[in-house]
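Report on the structure given below.
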Amino acid sequence: MSKKPVRVAVTGAAGQIGYALLFRIASGEMLGKDQPVILQLLEIPDEKAQNALKGVIMELEDCAFPLLAGIEAHSDPLQAFKDTDYALLVGARPRGPGMERADLLAANAQIFTAQGKALNAVASRNVKVLVVGNPANTNAYIAMKSAPDLPAKNFTAMLRLDHNRAASQLAAKAGFKVGDIRKLTVWGNHSPTMYADYRFATVNGESVKAKINDQAWNKDVFLPTVGKRGAAIIAARGLSSAASAANAAIDHMRDWALGSGGEWVTMGVPSNGEYGIPAGIVFGFPVTTENGEYKIVEGLEIDAFSQECIDKTLAELQGEQDGVKHLL
């Protein structure tokens, strides 16, 4: 028996990440090859953006995806989020020339307050929300705080790109197959302060840390390379990472919806006080996922260097959160 279509809302749908994302969702890569989807696409109410969205929709139609049960174009979040089961909040205000971080936070607070309120009003009560638009953790926090009738746990931020970047760097360093790496995680904020932690990671049952055994490389090469990878891509390409970000969003949502099969993945989720992170802060943690729910991996030892890294990324997140509290 064929499954009932689910509704997937994507904001910033005509942007670079949206363009790299939508065709993969429509082909079944995110929710499974047996799950029909209705795409509910949101763009700003600007003629150029809406025309670009029309062009993307024409291309989606021309792919004749068997799983694509419908496509809608919207400029109002109250329509785009109606009854949605999954919401990927990709659209955000990028930092412009001469723009202070406080201005960026304020501009995004406006966007994500409105979207949080719209989700609260019209989305499915079980909606799974992934914030991709930066600053992702704080934007997820804003949306969550603006949707008091939805469970806080339904709001997540994307740290999977950092996780995937870390896995790739480890594989290159030690000659592993990237798909064989297990129990890797990224703590904290999706920013250069994130802490990619391979102390527990294994490849075919063997310790990655023991194989690499180089704390200087970890501190001086690995962490800065992963943390500043986005900036390196902008410098090389002249544009921000879009395809890799879309890929990470697919990974995040697929694992959340379909389960991670017992494997650790990284998600930015609201803390309940785990590892001393104050409750309510949206923080990158190691999680496992099953039956549409995620569970933070608890009981991991945090050594002095790791604690220092976690404290640093937490302080940055608390600073961002304090910077938007008056706007909520």
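Glycine is treated like the rest: Cβ placed from N, Cα and C.
Copied from Swiss-Prot, the annotated features are:
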| type | residues | note |
| --- | --- | --- |
| BINDING | GLY12, ALA13, ALA14, GLY15, GLN16, ILE17, GLY18, ASN108, GLN115, VAL132, GLY133, ASN134 | NAD(+) binding site |
| BINDING | ARG95, ARG101, ASN134, ARG165 | substrate binding site |
| ACT_SITE | HIS190 | active site, proton acceptor |
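Sequence features annotated in Swiss-Prot and their locations in the structure.
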residue	record	DSSP class
GLY12	NAD(+) binding site	coil
GLY18	NAD(+) binding site	helix
ARG95	substrate binding site	coil
ARG101	substrate binding site	helix
GLN115	NAD(+) binding site	helix
GLY133	NAD(+) binding site	coil
ARG165	substrate binding site	helix
HIS190	active site, proton acceptor	coil
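Each of the binding-site residues GLN16, GLN115, ASN134 was assessed for Cβ neighbours inside 10 Å, and the highest tally belongs to GLN115. Site extent for NAD(+): the farthest pair of Cα atoms among GLY12, ALA13, ALA14, GLY15, GLN16, ILE17, GLY18, ASN108, GLN115, VAL132, GLY133, ASN134 sits 20 Å apart.
In this structure the alpha carbons, written CA, of ALA14 (NAD(+) binding site) and ASN134 (substrate binding site) are 17 Å apart. Among the recorded positions listed here, namely ARG101, ASN134, HIS190, ASN134 has its C-alpha nearest to that of GLN115 (NAD(+) binding site).
Among the binding-site residues GLY12, GLN16, GLY18, ARG95, ARG101, ARG165, none has a Cα sitting within 10 Å of the Cα of HIS190 (active site, proton acceptor). Taking Cα separation as the measure, GLY12 (NAD(+) binding site) is nearest to ASN134 of the binding-site residues ARG95, ARG101, ASN134, ARG165.
GLY18 (NAD(+) binding site) and ASN134 (substrate binding site) are 14 Å apart (CA-CA, integer value).
For the recorded positions ARG95, ARG101, ARG165, HIS190, the largest tally of other C-beta atoms within 10 A is found at HIS190. Counting only the Cα atoms, the space from GLN16 (NAD(+) binding site) to ARG101 (substrate binding site) is about 23 angstrom. Among the residues ARG95, ARG101, ASN134, ARG165 said to bind substrate, no two Cα atoms are farther apart than 25 Å.
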